[in-house]
Amino acid sequence: MGCVTSKSDQIAAEKSRMIDKQLESDSHRLRRQFKLLLLGAGEAGKSTLVKQCKIIHTGGYTEEERFGYRRVVFDNVYHSALVILQAMRCLKIPFSEPSKASEADYILSLQDQTSHSETQISVILGIIARLYQDSGFHSALHRSNEFNLNDSAEYFLNALDRIRLPNYVPTQEDVLRTRVRTTGILETKFKHRQFEVILCDVGGQRSERKKWIHCFENVTAILFVVALSEYDLKLREDEEM
């Protein structure tokens with residue numbers, strides 16, 4: 001009877017073999033996988049790094065994906081103009097053409113509006129393009145280290161003629177330069193040679209940092225991102241710093 005194996009023993013042995021096979025498969029997969037965790041303060045450039053990797057290693061964004069960034073580009077342009085106009089008031093910088101003040105008031109009056117129609121977007125972009133021609137607006141723009149302004153503000157303001165076109169589709173660089181606050185945990189995967197690389201992007205704002213602890217499992221390396229361009233800027237979350 002010692003040579004007889006019960007059916008339950010055979011089932012257990014088969015399960016054990018399957019588990020061993022799965023563990024071996026997982027081990028092999030993990031040896032070919034690099035998980036990089038991106039940490040850093042808000043607006044340090046973590047998401048920009050992820051977008052750069054997507055453009056370089058996966059062929060970039062499709063036309064459909066880029067078209068979906070039209071509203072993001074508009075939001076970035078509008079928010080940048082709004083911040084500059086608010087700074088002009090705080091820094092007491094006048095417009096070189098006093099008639100521009102009423103157009104600035106219109107832009108400022110929309111700051112609590114959460115959505116805009118296509119027609120309204122066209123009007124807003126036209127006004128911002130005219131304000132951008134004013135030397136007072138440029139004076140505030142060149143003092144942006146005294147307030148918190150998106151790094152890409154001047155890039156998009158310089159591209160307003162193109163952005164205002166009815167058939168405008170953001171370019172790869174436009175998408176790269178857009179600013180969208182990251183919330184939660186976002187993973188981007190791509191192949192590099194024979195390896196799979198996973199970039200784990202988490203929000204850098206103070207309210208998001210408690211989520212970082214959930215991302216450390218199976219991490220190969222941590223990249224702490226710092227924006228060198230922000231060495232003399234005020235912190236958005238605490239302008240005393």
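Heads up, the Cβ atoms here are built off N, Cα and C, so glycines get one too.
Since this is a predicted model, take the numbers as computed values, not measurements.
If you check TrEMBL, you get these features:
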type	residues	note
BINDING	43-48, 151-152, 176-182, 201-205	GTP binding site
BINDING	SER47, THR182	Mg(2+) binding site
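All features noted in TrEMBL, drawn onto the structure.
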residue	record	CB count, 10 Å
GLU43	GTP binding site	22
LYS46	GTP binding site	26
SER47	Mg(2+) binding site	23
ASP151	GTP binding site	17
ARG177	GTP binding site	20
VAL180	GTP binding site	11
THR182	Mg(2+) binding site	18
ASP201	GTP binding site	23
Integer Cα-Cα distance in angstrom, THR182 (Mg(2+) binding site) to ASP201 (GTP binding site): 8
Cα distance (Å, whole number) from SER47 (Mg(2+) binding site) to ASP201 (GTP binding site): 7
Assigned conformation of ARG177 (GTP binding site) - DSSP reduced to three states: helix
LYS46 (GTP binding site) - helix vs strand vs coil (DSSP): helix
Coarse DSSP state, helix versus strand versus coil, of ASP201 (GTP binding site): strand
